[in-house]
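Here's what Swiss-Prot has on this protein:
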- Tyr454: active site, proton acceptor (ACT_SITE)
- Tyr97, Thr154, Arg270, Gln378, Gln409, Tyr454: substrate binding site (BINDING)
- Cys31-Cys80: disulfide bond (DISULFID)
- 58-230: domain 'FAD-binding PCMH-type' (DOMAIN)
- Asn330: N-linked glycosylation site (CARBOHYD)
- Asn366: N-linked glycosylation site (CARBOHYD)
- Asn419: N-linked glycosylation site (CARBOHYD)
- 1-25: signal peptide (SIGNAL)
Amino acid sequence: MVRIQELTAALSLASVVQASWIQKRNSINACLAAADVEFHEEDSEGWDMDGTAFNLRVDYDPAAIAIPRSTEDIAAAVQCGLDAGVQISAKGGGHSYGSYGFGGEDGHLMLELDRMYRVSVDDNNVATIQGGARLGYTALELLDQGNRALSHGTCPAVGVGGHVLGGGYGFATHTHGLTLDWLIGATVVLADASIVHVSETENADLFWALRGGGGGFAIVSEFEFNTFEAPEIITTYQVTTTWNRKQHVAGLKALQDWAQNTMPRELSMRLEINANALNWEGNFFGNAKDLKKILQPIMKKAGGKSTISKLVETDWYGQINTYLYGADLNITYNYDVHEYFYANSLTAPRLSDEAIQAFVDYKFDNSSVRPGRGWWIQWDFHGGKNSALAAVSNDETAYAHRDQLWLWQFYDSIYDYENNTSPYPESGFEFMQGFVATIEDTLPEDRKGKYFNYADTTLTKEEAQKLYWRGNLEKLQAIKAKYDPEDVFGNVVSVEPIA
């Protein structure tokens, strides 16, 4: 009898919670309608499109979905969220690995920004880019409006907003710095729904936080970037290696010395690692002949068998297309691409011999192909003596990893997720985290770091803040307390407002 009473009470409570949830959603929608801000009704086609996360492993249910088309719309939507007492999250490209455009949890008012994608370049070659533009579309517009370019990543569907707020790493970073290094101003909506401009001279502390602080401080409606002239010649390349275990260790040691001391600024490099391969790839801001002169000595020094399997002279547009991997370049909305995966990341200084040996041993001992899943690792040459990224101090912007030589992305996905009926396996988390541990466990605490844009959803909020923002965390917390003391724009891992 007691169990029946307990069950009845639980069902009654669930009904009350559901009714309150529906009432809150209806209230927000009514407020948006009164402010003439577009929104999606629950269970509509638009709700299904915009309300489904890119990473289906971490899909959440928003309190409501607003679709602003101007800065004023964003401000009005923020006011509706404030009136309803819910947290508010901005979703640009929607590619956050932790679904932070949803807040990383149920119940946020989500602002779907991808209808705001305008890009314009003025006579001073300053690009004004709306907060919902994606990298591919932005690159095309910059080229079309005066042959301009911006340092950014390779995935065309990634939103400019999340990319720059987290850092903005890509194949031009070693030469031209992070995306955030080109940001000179922004128009933002604050947590009280007011609209302000930020730059080095206006709300400079908030401007500092927006450059690498991961979001959660304000909602950016427009970014302003300096740009550079798109180069006429870029050479893309791939070096294919056939290394045994011993050659892996020797090769990585040689590459580390070269990356730290010799690798020229005009070159970017990434090691693409999976169960069957370890290849080098990237871009060179120059011609193929000069690139061969750079690659051949380090290939010889690395030892083992290696071959230049691709060497293609192209231009800025051509190198963008090289790394699309079948994706559409010209993307605005609607965007309906999804994956089912777990990712992790790591930043680190020069590795000890112990760490390199442990990483190689783990790869050889544990990396057999897993049926129905595909894993890979991107090992980026991040810093070093000649890196443009490393030429800026760690505290000049909120991006806290400029002193780190290396950046890794670890990624494990389920291929046939549409027909998958089982949750992501616990063994997948353990496998990827095992790779990370081979390096992380050898590092002192103050040199451990992770890249926010390659989010690890298994971190606690305390762990995430410490690893994503390292020595800049305390300053970010103070700025958060100044501009968003009630954590209106917070998510499950964002910087907390601590004075």
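Any Cβ shown, glycine's included, is placed from N, Cα and C.
Listed in sequence order, the binding-site residues from Tyr97, Arg270, Gln378, Gln409 having a Cα within 10 Å of the Cα of Tyr454 (active site, proton acceptor) are Tyr97, Gln409. Note: the Cα of Arg270 (substrate binding site) and the Cα of Cys31 (disulfide bond) are spaced 48 Å from each other.
Thr154 (substrate binding site) and Asn366 (N-linked glycosylation site) have their C-alpha atoms 29 Å apart, to the nearest angstrom. The Cβ of Asn419 (N-linked glycosylation site) has 8 other Cβ atoms within 10 Å, all protein chains considered. The shortest Cα-Cα distance between Asn419 (N-linked glycosylation site) and any of the binding-site residues Tyr97, Gln378, Gln409 is the one to Tyr97.
The shortest Cα-Cα distance from Tyr97 (substrate binding site) to any of the recorded positions (Cys31, Cys80, Asn330) is found for Asn330. Ranking the recorded positions Cys80, Asn366, Gln378 by the distance of their Cα atoms from the Cα of Asn330 (N-linked glycosylation site) places Gln378 first.
A gap of 41 Å separates the Cα atoms of Cys80 (disulfide bond) and Gln378 (substrate binding site).
Around Cys31 (disulfide bond), the same-chain residues at least 6 positions away in sequence with a Cβ under 8 Å from its Cβ are Gln79, Cys80, Asp83, Ala84.
Taking the Cβ of Gln378 (substrate binding site) as reference, residues of its chain lying under 8 Å away and at least six apart in sequence are, in sequence order, Arg270, Leu271, Glu272, Ile273, Trp408, Gln409, Tyr411. Overall, the recorded substrate-binding residues Tyr97, Thr154, Arg270, Gln378, Gln409, Tyr454 cover a maximum inter-Cα distance of 20 Å. Between the recorded positions Asn330, Asn366, Gln409, Gln409 has the most other Cβ atoms inside 10 Å of its own Cβ, all protein chains included.
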